[in-house]
Structure formats: C-alpha cells, structure tokens
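First up is the structure itself, then whatever we jot down about it.
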Amino acid sequence: MKTLLLTLVVVTIVCLDLGYTRTCLISPSSTPQTCPQGQGICFLKAQCDKFCSIRGPVIEQGCVATCPQFRSNYRSLLCCTTDNCNH
C-alpha cells in the first residue's frame, strides 16, 4: 500500500511539474518573461540581412518548444534550458 501511494505521489509531481515554468529573455527589450506552457527552451538568434554591415545583426530572443534550425543567414543560434540563459 505504501508503494502504491508513493508511486501516485511521484506520478502527480512529474505530471504537474509543481507549476514551474521557464523564464526567458524576450526581444526587443530583453526583459525576462514567463514562457507559455510547452515552450521550455530559450533561444537567441542573430541573423544578417542586407543592412548587416551597417547596423549589425538582427537579434531575436524568446521561448520555443524546439530549437530552430540553423540557417545560412544566421550569425549565431543559441538554445538553452535554464532561466534567462539566452543573453
């Protein structure tokens, strides 16, 4: 009986995740915000457009469910899973 009760408690904790959600820096202001449910990965993407040599790369930060694929116009792409790690 104790084993069954312990199993139920563990399953409940895992399923509910104790209400914890990820916080990531969100562009354009780079302020920490709580990510929507299911989006537990922070990302930082720097990409170049035709004005990159003048103003530098365009920076995008946010929350995603899966890390975006790297593309040829990206200068860098960072995906991470700790709070506010995308700086």
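Just so it is clear, glycine is given a Cβ too, placed from its N, Cα and C backbone atoms.
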Handout entry: Selected from Cys15, Cys52, Cys63: Swiss-Prot disulphide partner of Cys35
Key = Cys63
Fill in the blank from the handout: The residue that Swiss-Prot pairs with Cys67 in a disulfide, chosen from Cys79, Cys80, is Cys79
Completion exercise
Between the C-alpha atoms of Cys85 (disulfide bond) and Cys24 (disulfide bond), the distance in angstrom, to the nearest integer, is 7
Problem - Cα separation, Cys63 (disulfide bond) to Cys24 (disulfide bond) (Å, whole number) - result: 6
Handout entry: Pairwise Cα distance for Cys63 (disulfide bond)/Cys42 (disulfide bond) [Å, integer]
Key = 5
Completion exercise
If we take the Cα of Cys42 (disulfide bond) and draw a 10 Å sphere, the disulfide-bonded residues of Cys35, Cys48, Cys52, Cys67, Cys79, Cys80 inside it are Cys35, Cys67, Cys79, Cys80
